[in-house]
Amino acid sequence: MAPATPKTSKTAHFENGSTSSQKKMKQSSLLSFFSKQVPSGTPSKKVQKPTPATLENTATDKITKNPQGGKTGKLFVDVDEDNDLTIAEETVSTVRSDIMHSQEPQSDTMLNSNTTEPKSTTTDEDLSSSQSRRNHKRRVNYAESDDDDSDTTFTAKRKKGKVVDSESDEDEYLPDKNDGDEDDDIADDKEDIKGELAEDSGDDDDLISLAETTSKKKFSYNTSHSSSPFTRNISRDNSKKKSRPNQAPSRSYNPSHSQPSATSKSSKFNKQNEERYQWLVDERDAQRRPKSDPEYDPRTLYIPSSAWNKFTPFEKQYWEIKSKMWDCIVFFKKGKFFELYEKDALLANALFDLKIAGGGRANMQLAGIPEMSFEYWAAQFIQMGYKVAKVDQRESMLAKEMREGSKGIVKRELQCILTSGTLTDGDMLHSDLATFCLAIREEPGNFYNETQLDSSTIVQKLNTKIFGAAFIDTATGELQMLEFEDDSECTKLDTLMSQVRPMEVVMERNNLSTLANKIVKFNSAPNAIFNEVKAGEEFYDCDKTYAEIISSEYFSTEEDWPEVLKSYYDTGKKVGFSAFGGLLYYLKWLKLDKNLISMKNIKEYDFVKSQHSMVLDGITLQNLEIFSNSFDGSDKGTLFKLFNRAITPMGKRMMKKWLMHPLLRKNDIESRLDSVDSLLQDITLREQLEITFSKLPDLERMLARIHSRTIKVKDFEKVITAFETIIELQDSLKNNDLKGDVSKYISSFPEGLVEAVKSWTNAFERQKAINENIIVPQRGFDIEFDKSMDRIQELEDELMEILMTYRKQFKCSNIQYKDSGKEIYTIEIPISATKNVPSNWVQMAANKTYKRYYSDEVRALARSMAEAKEIHKTLEEDLKNRLCQKFDAHYNTIWMPTIQAISNIDCLLAITRTSEYLGAPSCRPTIVDEVDSKTNTQLNGFLKFKSLRHPCFNLGATTAKDFIPNDIELGKEQPRLGLLTGANAAGKSTILRMACIAVIMAQMGCYVPCESAVLTPIDRIMTRLGANDNIMQGKSTFFVELAETKKILDMATNRSLLVVDELGRGGSSSDGFAIAESVLHHVATHIQSLGFFATHYGTLASSFKHHPQVRPLKMSILVDEATRNVTFLYKMLEGQSEGSFGMHVASMCGISKEIIDNAQIAADNLEHTSRLVKERDLAANNLNGEVVSVPGGLQSDFVRIAYGDGLKNTKLGSGEGVLNYDWNIKRNVLKSLFSIIDDLQS
C-alpha cells in the first residue's frame, strides 16, 4: 500500500463527521474574510494560497531559563490551538472585487460573503466541535487523504472568486497559471522547493499568511475526499475500471490555469502538447533507427535538433536524462514531489490510475506523487517489470541561492536506477533471500585455439562451448564469477541457472546460441529482466574490462585486486573475465559500480563442488522440487521450505547454499550430526543462541550500505549494537562445553572483534542516533563539526537575548518565536501587546489571539541560522561518510568473518528445529563409508530406510498414521536397482522422490523421518521424472527423456542414486521398450549405481528376472473388477504388478462405461496378439522347440568382451562411457554376467 500522508483540509474536522450547519457557518466566515472592505487607495494584491509547507503543524517548546543561569536553546512555546486561524493577504481588495463582479452563476452550495464586516469571526462553539484538528500535522499531497475528511470541499478560485463544490474522489495538485511556464523555469523551481527550511510548515490548520511581495507564485491545492491506500479497500467497486491487485486508489495531479473554461484550457494544452512533441509519435532510437529495425535500441530516444532549440532550460534538463533511458520510468524531483512526464505519466495512469494533469508542465503531460511515497510507487513499477530512474535535486533552493543567487535552475542529476535484480534499499527488498543479476557470455569450444591438442580432441572441442558468467547480489555486494567448458546440451549452464535463478540477466546481443538463450530464459526467475547490450562498447571484452578497472580506480593498486580477478586476468580466462566486464558495464550504468566493486567481495563460484559435496544438477533441483514447486513456482511444499527455519536473514541465505551442496564426506556429516544432537539436548544453549540471533538485523546487507555510505544513522547504530550483542554471546559461551560444528564456528570469530566493537561504543551519542537519526560525535572528535555547532548555539543565544529584550520592551512574557513554513523564528506577540509594535516590523501572520512579525535584526539572524543549519547538514553527512569509511576498513578482516560464523550457527539451529519438527518416528542416520582394504577404492554404495515417510507431507505430524511409510533397501544384501511397477496413481513417483529427499536430509546432517537409516555417502543424485515437453527450450517429450538419460549415463558412478520414471513412453512402444531395457542393463551391470526404475512395460521385468542386481517391486492395490474401483494402499511390495489398471483409473475419473469397455477389448486383443507373435518367433529360433530368451544386454556384453576392447570403458569396451570403471566394478560386472548365464541354464 502507498504510504499514507495526512491531507490538508480546507474545513475543520467535526466530531460527528458530517457537514453540519456549524461547519457551513465556519466556512462562510472564512470566505467572508476575503470580501471585507478595504480602505480606498490601498494597492490591490493577488490572494495567495499557502504552500503545502504552511499547512503543517510545528511542535514547539517553551522558553525556559537554564538552571545554571544561562540561556537554553529552546526558544519556542506551545501555541494555543483553540485559536482559529484563517488565510489572508496584506490587502484583499482584488478578491472582493472579483467576487462581486463574477460573471459566472454561483453554485447553490456557495456561501454568502459578508462584504460589510471588517473582520471575520468564529465562535467558540465552532472551535469546540473541531477538536479532532488538534495536534495533527498537515501535509498536502497529490494522492492521499483521510477517511474522515469531509465529503465536500470548497475551493476559492482566483480572479473569479468562485467557490467550487468538488465531488471528485481524487486529490488534485493545482499550480498557478504561470507555474511550469516554459519561459519561467527558475521561478518554477523556486516555488516547488518553498518550505524546505523547516521540516514542518506551520502549527495551525488555517494560517493568516501576509505576503511581502506579489511577484512570488504559489501553488493552489484542491483536495477532496479520498481514502488513503492504508485505510481504503483498493479493489473497491465504483464506476471506474476495476483495480489491479496492487493498484492504488485514483489520484490526480493537475496544474491549474486561470482560464475561463477548463475544457478550453485542456484543449489548448493538448494542442500545444501534440505540436511540441510530434517527434514522439514515430519513436526512434538515438541512431534514428525505427522500432522495426532489428538493431533498434529501446534504451535511447532520438530528439531532433529543432525540438532541442525550443526546449526551456527545465525541459532540456529533463530530456537530457530521459532520452538516454527511454526504457526506464523516470521520477523527476520537483520540490517536495516527484513528477512523471509524457510516456511515463500515461503508463502510470494506465497501470495504477494516477491521474494525468490537465494543464501539464512546460507543455508536457504529467502525473505526480509526494516524495515520501517514492519507494512505494517505485516498488509498484518494479514489480510490474519496469526499471525506475530517480532524478533528484542535488541542492536545496537556499543552497542554490547561496551558490549563485537567484539565477539559474536547481541542479538535478540521476541519483540511481532501480531494477528488480539490483535493489539495495532495505525498505524495497521484500525477501531475505539473495536476488541476483547475472552477466553471461558464450564462446565456441575452440575459442582459445590451442594448437598443441591432437586432432580428435580438437574435433571434440568443436562440439563443446565455453561459458563465462558473473553474478552479484547487490544488497550484500557479494559477486561471484566463473568460466567453464560445457557439452553441446549445455548441461552445466542448466545447472548454474537452476542454482542462481537470476532476476536480471545481461547478455551481449546475438552472442548466445539458440539453446543457451532458451536455457537462460527458461531457468531465470519469473518476470526476470533480460538486457541485451552492444558488443565491445557495452559488454566489455577482456582488454576493455581491464582498462575500465584501471581507469575507474576501484582498487588503489593492481596488487590490491581481489585474488580471483587477478587470477582470471593473469591466466587468460578471457571469457570469464569478459563476463565480469559485462556485469561491470551494467553496474556503471546503474551507478552502483563504485560502491559494489570496491568492496572487493569477489569470489570464484563452484556450482558442482564434487570433491566436498553431493552434486544436485539443474534437472534434479527441478524434478525433486528442492527450491520451487511445479505448481506455482513458490517454495510451498519444497525441501527448502522444510529447512528454511533460520532466524537471521544471513542464516536464511546461507541455508540455501547449504541445501544446494549437501555434505559428501563422512566426517563432515558426522560432525554436523553431533552438533544437532548437542543442540537438541542442551535446551539452555539453544535458547541463548535463538534469543541472541533474534536481536540481530540483516548485518550483511547493512555492511554493504555502510560501504556505499547510504545507510541511515539509526541503522548504523543498530549495526554497532548487534556486534556488541555478538561479543556478549561470545563471552558467555567461553565456559560452555561446545561440541561439533558449534565449537568450530564460535572459535572462528576474529581475534580483534572485541577490541574493534568496543572502539565504537562511545564514538557518538547513540541515543540521538536512535531518536533523531543524526550523528553527534563526542566533543573533540571533529573540529569543523564542533565549530558548526558552536555557530548555531551562538545564533540561538543571540536570538534568545533579543527575545528577552522584546519581552521587557513590551512588558509581556508571552512573546515567543514560532516557525511557519520557510519563515523561521517569527516573533509571535499577543494581540493585547501589538499596539507598541514598531512601524518597521513586517507582519507575517495573524489570528484572533496572536500576530507574528519579523524585525530587521531577527530576520537577519533567522537567515543566518538557516544558512548555518544548511552548512551543518552538509557536515553531518560528511561526518557520517567518514565514520562509515572507518567502520568499513574492517569489512573483510573482522565484520564479514563474524557474520559468516553467525550464519553457519544459525543454519545449525535451523537443522535442529527441522529435526525436531519431523515428528515420530525420526532418527539420526548412520553413515557408513566402505573402502576396499587392498585397493583403497570406495566399494559400491547402499542405503536402507525402515518405515520411511516423505518429510514434506503432514509437516509436524506426531504419528506415522498421517502418511503410509515404506521400507527402502538398495545395495549390500539386496539388488542395487529396484524395477518398480504398479497402477497409475499408486504412488510410484512419491516413493522415488521420497528416497532422494531422505538421502539429501541425511547428508545435510539432519534427522530422517523413519525408524532407522543406514547409508553410504551418495556423490550425486540424478533424476529422469515426468513426461513433459519443453517448449521454451524447443524440445519434444522424447527428446527431453533421452537428453536427461544421456546425462545419467555420462555422469553416474557406483556411489550415485538414480531415479528414472517411465523411460521411453515419449516414443513408440517398441522403441521405448528397447531403450528402457538397454539403459537398465547398462546401469545395473556396468555403472552399478543405486536407484529405481519405474515403468509400465510389464514385460521389462521378465527381461531382467535373471539379473542379480535388478529387483522387481510393485505398489499394492485392491481391485474390484465388478465396479472397476481401485483402492490404493501406497505400500511397496516385492514382485511384479499385474498391470497398469488404466481402465480402472479411467472409470474412477468418470469416463463413460461404453468407451472403457471398448478400450478393454482392444487392449486384450493387442496383448494377446503381441504374446503369440513373440512366442512364435522364439520357438522358431530354437532348434529343440524350447522357448529360451537370451537378454540382449548379455549378448552385447559378450561380443564386446570377446571381440572388442574387453572389460574397458573405451568405445568398443563393455563399459563404454562409464565414468568410474575400476577393478571392483569390473569384478562385479563378471559376477552379474555369470549369474545371468547360470540362471538361464537352470
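Each Cβ is built from the backbone N, Cα and C atoms, and glycine gets one as well.
When the residues Ser18, Ser150, Ser239, Ser243 are compared with Swiss-Prot, the one annotated as phosphoserine is Ser150.
In Swiss-Prot, the motif 'PIP box' annotation falls on 27-34 of the listed ranges 27-34, 395-402, 891-898. Of the residues Ser201, Ser267, Ser634, Swiss-Prot records the annotation phosphoserine for Ser201. Ser102 is the residue among Ser102, Ser113, Ser224, Ser250 that Swiss-Prot labels phosphoserine.
According to Swiss-Prot, of the candidate residues Thr54, Thr451, Thr557, Thr1169, the site noted as phosphothreonine is Thr451.
According to its DSSP assignment, Lys988 (ATP binding site) is helical. Residues within less than 8 Å, Cβ to Cβ, of Ala983 (ATP binding site) and separated from it by at least 6 positions along the same chain comprise Met1115, Ile1117, Val1126, Phe1128, Ser1137, Gly1139, Ser1140, Phe1141, His1144, Val1145.
According to its DSSP assignment, Ala983 (ATP binding site) is coil.
Compared over the binding-site residues Gly982, Gly987, the count of CB atoms lying within 10 A of a residue's CB peaks at Gly982. The region 'Mispair-binding domain' (305-421): residue composition by secondary structure is 48 helix, 34 strand, 35 coil, according to DSSP.
Here the binding-site residues are Ala985, Ala986; the one with the fewest Cβ atoms within 10 Å of its Cβ is Ala985.
Apart from the site residues Gly982, Ala983, Asn984, Ala985, Ala986, Gly987, Lys988, Ser989, the chain places the Cβ of Met1115, Phe1128 no farther than 8 Å from the centroid of the site's Cβ atoms, the recorded ATP location.
Under a cutoff of 8 A between CB atoms, and with a sequence separation of 6+ in the same chain, the neighbours of Lys988 (ATP binding site) are Leu980, Gly982, Asp1061, Ala1094, Met1115. A sphere of 10 angstroms centred on the C-beta of Ser989 (ATP binding site) encloses 18 other C-beta atoms. In the structure as shown, the Cβ atom of Asn984 (ATP binding site) sits within 10 Å of 16 other Cβ atoms.
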